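Only one structure is covered here, and it is reproduced in the block below.
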Amino acid sequence: MSEHQYLRLVSDILEKGDQRHDRTGVGTLSLFGAMMRFDLSKGRIPILTTKKVSYRLAIREMLWFLSGDTNIRPLVEQGVSIWSDWPLARYQAETGALLSKKEFEAKILADTEFAKKWGDLGPVYGRQWRRWQGSDGQVYDQIATLIETLKSNPSSRRMLFHGWNVAELKDMALPPCHMVYQYHVTSDGRLNSLLYQRSADVFLGLPFNLVGAAALQAMLADQAGLALGDLVWTGGDVHIYRNHIDQMKEQLAREPRAFPRLELTRHPNSITDYKIEDFAITGYDPHPPIKGAVAV
């Protein structure tokens with residue numbers, strides 16, 4: 001249940017991965033179907049140590065999802081740029097303007113109307129999680145329903161939410177990659193989760209997704225008065241981009257260290273009231289960061 005399983009996955013992809021062309025034009029080495037299991041019960045959180053992971057960015061992203069927002073402006077205000085490439089690409093394609101990412105983000109911050117027009121990602125994660133538009137005209141808050149079920153009927157096998165709204169995929173900047181989250185409560189009150197990720201960028205995306213999923217599980221357990229159990233991650237198309245192969249080999253050569261600990265320092269009444277300051281991470285001792293370009 002340690003970082004070694006991530007490194008084994010990397011090794012398997014490098015050794016056995018199918019060479020594939022993809023929509024980004026970069027190309028990948030890909031395996032189909034993978035699983036990892038992480039024990040969160042002792043306060044450990046799966047933040048990789050074989051390279052430094054900017055875990056606060058991943059937690060800020062999860063808090064943004066939970067807010068229901070779909071505009072990058074709140075992220076950019078916090079110094080989070082992980083979603084800026086997609087609206088920037090749309091802006092450049094539609095206007096012909098050759099702004100840098102830094103210049104684009106500066107305009108997002110300085111101009112409310114510009115941010116409203118060009119900073120929105122469409123009906124992505126937060127919209128589907130908190131305001132799913134049903135065919136009956138009703139709006140469904142999947143997160144609120146999940147928390148209520150965790151409290152009132154913890155033995156339910158229907159405790160899940162997802163973002164794959166087929167009717168709105170065409171309007172999303174990027175269809176959901178981490179798309180289904182399912183939850184399970186043991187008879188002794190431990191919350192387990194299973195995340196299904198249809199598409200996993202193993203070098204850049206997956207380390208963030210693991211942090212986000214663990215942070216979400218901690219918040220849900222806190223809201224429902226439960227202890228933490230296992231986080232199970234499953235992937236569909238699990239891939240390494242060709243321009244990340246050297247970085248992955250460098251990471252494989254490093255010896256993993258113990259995962260850090262996560263403690264929630266405050267216990268708000270609502271899942272939308274958590275702040276980044278509520279997440280105390282201790283004992284994180286990673287190897288140096290390894291850089292890699294995002295495939296858009």
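The backbone N, Cα and C atoms fix where each Cβ goes, and this holds for glycine too.
Per Swiss-Prot, these features apply:
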type	residues	note
ACT_SITE	Cys177	active site, nucleophile
BINDING	Arg23, Arg157, Arg158, Arg198, Ser199, Ala200, Asp201, Asn209, His239, Ile240, Tyr241	dUMP binding site
BINDING	Asp201, Ala295	(6R)-5,10-methylene-5,6,7,8-tetrahydrofolate binding site
When a 10 Å sphere is centred on the Cβ of Ser199 (dUMP binding site), how many other Cβ atoms does it contain? 19
Just counting, how many other CB atoms are there within 10 A of the CB of His239 (dUMP binding site)? 27
So Asp201 (dUMP binding site), by the Cβ count within 10 Å over all chains shown, scores 23
Counting other Cβ atoms within 10 Å of each Cβ, which of the recorded positions Cys177, Tyr241 scores lowest? Cys177
Among Arg23, Arg158, Ser199, His239, Ala295, i.e. the binding-site residues, the one with its Cα nearest that of Cys177 (active site, nucleophile) is Ser199
Using all protein chains in view, find how many other C-beta atoms are within 10 Å of the C-beta of Arg158 (dUMP binding site). 10
Out of Arg23, Ala295, which of the binding-site residues has the smallest number of neighbouring Cβ atoms within 10 Å? Arg23
As a whole number of Å, the Cα atom of Ser199 (dUMP binding site) is distant from the Cα atom of Ala295 ((6R)-5,10-methylene-5,6,7,8-tetrahydrofolate binding site) by 13
